[in-house]
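Novice: Submitted below is the structure of interest, expressed as structure tokens.
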Amino acid sequence: MSKFIVIEGLEGAGKSTAIKNVLATLAKHGITAPVTTREPGGTPLAEKMRELVKQGHPDEPLTDMAELLLLYAARAQLVGNVIKPALAAGNWVVGDRHDLSSQAYQGGGRGFDRELMATMKRTVLGDFTPDLTIYMDIDPKLGLQRASARGELDRIEQMKLDFFERSRERYLEFANNDESIITIDAGQDLDTVTASIIAALEIWLATNGN
């Protein structure tokens, strides 16, 4: 049966490396061509929305509410046009971010009302949810240092430290109350993080991989 696996985390948490480890581990189990997605984005229209969220507009500031709505509009496109059809066709899906990012960044970081965030999720996704989320937990200071070392920061990456501290608090709140979320200490050295991801995924696949 097809599954939907999501990698989550703050900027600089190592999501791209985690995704590579997940794909390699799945391949060892004969799952060789999962559909990969990213949020925001993943469809032609959703990528346009991603550009607005990431870069803004030179002539007009993007309000927090507009940002929230763009993110959920992009998610609706991706889930409806890519993720659900892929799963229905029997394909596994590995996603770089999903709804938990909005709950953390917009709910925690931006401070949107919890009821509003729950309503947005319910309205756009219904009961659709990932089978497994691997949350890469990292101290925001370290994460931002890593992100800065990659080069020019986008609109979100330029947010102040307290934004990411609030986002991390919300991430951890969800992770500590949802058995489908596995937390990885992403502040460790690369080899240790890699081993942790593979070990956690192997355990999960042993009981959920069929």
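Any Cβ shown, glycine's included, is placed from N, Cα and C.
Fair warning: this is a prediction, and the values are worked out from it, not measured in the lab.
From Swiss-Prot, for reference:
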- Gly9, Leu10, Glu11, Gly12, Ala13, Gly14, Lys15, Ser16: ATP binding site (BINDING)
Novice: Write out, in the order they occur in the sequence, the residues of the chain not among Gly9, Leu10, Glu11, Gly12, Ala13, Gly14, Lys15, Ser16 that have a C-beta within 8 Å of the mean position of the C-beta atoms of the recorded ATP site.
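Specialist: These residues sit around the ATP site: Met136, Ile138, Gly143, Arg146, Ala147, Ala186.
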Novice: Quick one: what's DSSP say for Ser16 (ATP binding site), helix, strand or coil?
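Specialist: Ser16 (ATP binding site) sits in a helix per DSSP.
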Novice: On the three-state reduction of DSSP, what should I expect for Gly9 (ATP binding site)?
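Specialist: Once the DSSP labels are grouped into three classes, Gly9 (ATP binding site) ends up as strand.
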Novice: Long-range same-chain neighbours of Lys15 (ATP binding site), Cβ under 8 Å, sequence gap at least 6?
Specialist: Ile7, Glu8, Gly9, Asp96, Arg97, Met136
Novice: Using a 10 Å cut-off, grab the number of neighbouring Cβ atoms around the Cβ of Ala13 (ATP binding site), all chains included.
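Specialist: There are 27 of them.
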Novice: Counting only residues 6+ apart in the same chain, whose Cβ is under 8 Å from the Cβ of Ser16 (ATP binding site)?
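Specialist: The answer is Asp96.
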Novice: Identify, in sequence order, the residues in the chain of Gly14 (ATP binding site) that are 6 or more apart from it along the sequence and have a CB within less than 8 Å of its CB; answer 'none' if there are none.
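Specialist: Met136, Ile138, Arg146, Ala186, Leu190, Val193 - these are the non-local Cβ neighbours of Gly14 (ATP binding site), listed in sequence order.
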Novice: Whose Cβ, among the binding-site residues Gly9, Gly12, has more other Cβ atoms within 10 Å than any of the rest?
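Specialist: Comparing the binding-site residues Gly9, Gly12, the most crowded Cβ belongs to Gly9.
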